[in-house]
Each structure stands twice: as structure tokens, then as C-alpha cells.
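Shown next, in C-alpha cells, is the structure this report addresses.
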């Protein structure tokens, strides 16, 4: 039997080509999945670096400067250290709840990024109920904290989980009327893309910050409480709860709580940008960019890049408020925290919704 070597080479090259196509197809399948995750992780590292530098400036000290230029690799070094630390488990705790709790806290916040428009047509999923999906998904995170506190078999941890659940309920309810006021008065839609486009009609003066100043103030305070930032960090108050629900955690699980905290801070800042600060529109100065370069305002790679840059710039500039607030205001007591949410913010947000609805009916 005579074997033609040219046929064998052709078959081998064909099989090699098919295997390469399968590898390329798998890579292109994973790129849309890992690219947003990588971008979000980099955003969290930037927030950690910014907070340390701003905090050092507020306290008149140096801050991180040895790990990389200007200390930019300090957060990465801390994450690597936590990754290789020993993962300790409580001997009499519920191991399942203890292990699942941090994952629920992180995953629930990551899902919220799917409805954030970073630019024109740069959104993972433009849902008609995008803003309310964020509110619904963010309410799952305290369940993970409660599971972590209960599974730790530690009374301080359990008390911290209960505080997290009570705080979340107290401040999510005032948050919802603020979002509903924007949906009714401004854009008649709960889509994040529609809310941004509705603000772009009148330039800088079309921002919801000027149309809903009361709602913006309530939203700011409630978002700080949702992120458990000072003066609202009661679930992990060191002086009272020995770090709260994080007491029994170590290693990467301990690091996941901090990742969830900064992820929540970034997503709250992005939603403030989308709901009240015009999103990817820079208003009057941005109008001249497309004419200068001869491209369409909402088309082309340059326009998309500028939109993403504007959104991130607004979000990171807004982050100065929660970072400086951390070193300005003292921590509240738990009774003051609940009274502020139920007795002040809730009536104010409902009154703002009533005024918005009344003005909407009178304008018809």
C-alpha cells in the first residue's frame, strides 16, 4: 500500500487549521467576559490608591510611595499578600455559609455593572428597568454579609451582619423614590441610557443635579450608607464589634469583603454620574470636539473613547466626596443611623416624589 505524503500533509494542515480556529473562537468567546472584569479590577485598584493618597493628604502624611512609582502597586501588593495567606475556618461555624457569604457580596455587586452605560452604546445590557435592577441586585449583598456573620459562630460577627441588613433596608427605601422621581419627571423611563440622553438635550443645565437637588442630596447620603462608608460604617465598627462580620475571616475571603466595598463605592459613583451628572456628555465643551476632528459626536472610535473617559472622570471626581467624608465626620451611633434613614430621609424622599409627580401632572 502506497501512502501519498502530500495527502497526509494536507490532512495535517487542515486539522491544525481547524484546531487553531477552535482556539481562536474560544479566545474571542472569553474576551467579552474577562475584559469588563479586568477593567473593573483595575478601577478598584485605582480607587484604593486614590483613597490612600487623599487620606494621606488630609492627615498631612506621606502615604504609600515605595511599592512602585508613587505607590501605585501598593494595592496590588496587598491583594497578593492576602491571596497567599492561610484560609482559616471556624471550628464550630457553618462552613457553607461562611464560604458562600463573601462570594454573594461580590457577585451581586458585579452584576450591577451590566446596566451602567460608560458611553454611547457602551453598555452590556440596556434594560428598560436598569436602575431598579441595580437597586434589586444591591439588596442581595447584605444577605451575604448576614450569612457570613451567622456562619462565623461569633456574636460580634452576627451582630455586624444584623446591622448590615438593618442599615441596607433603612437606606434602600429612601433611595428608590429618588430614582423614581428621575424616571417620572425627566426621562419617563428607567433605562440608564434614556436617562443620560434626556439630560443631554440642554447641555450642562440639563443635568438632573439642577432638576432634582433634593433627590441628589438624599441619594448621596443613602449611597454612602449603602457602601458602609464613614460615618455609616456601623456593620464593621472596630471599637464596638471587633471588625464585625469580618472578624473570623482571613486570606482571600477577608480580601473579598474589601473588594466588595470598593466595587460598591465605584458602582454608586457611576450611578450618581449617570443619574445626576449627565453620564458620558460633557455638555458645552464636548460639542466642539467632533467638529474639530471632523467626526460624528456619537460615532467612531474617538467619540466612544471620549465618552468613556468623561464618564470615568466624573465618577472618580465624585469619589473625592466619600473619601474626604471618611476623615471629616465622626461615626454615628446605630440609633442615630436608623433615625436618619426612617425619620428624615424617607419622608424627604417621599415628599420629593410627591412634588415631582404633582409637577408632572400639572405640565400635562
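A Cβ is built for glycine as well, from the same backbone N, Cα and C atoms used for every other residue.
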Of 1-25, 26-50, the range TrEMBL labels transmembrane segment: 26-50
Transmembrane segment range according to TrEMBL, out of 233-255, 256-278: 256-278
Touch test for the transmembrane segment (95-115) and the transmembrane segment (298-323), at least 3 Cβ pairs under 8 Å: no
Within-chain partners of the transmembrane segment (26-50) [C-beta distance under 8 Å, separation at least 6 from its ends]: 64, 71-72, 74-76, 78-79, 110, 113, 124, 259, 262-263, 265-266, 312, 316, 319, 323
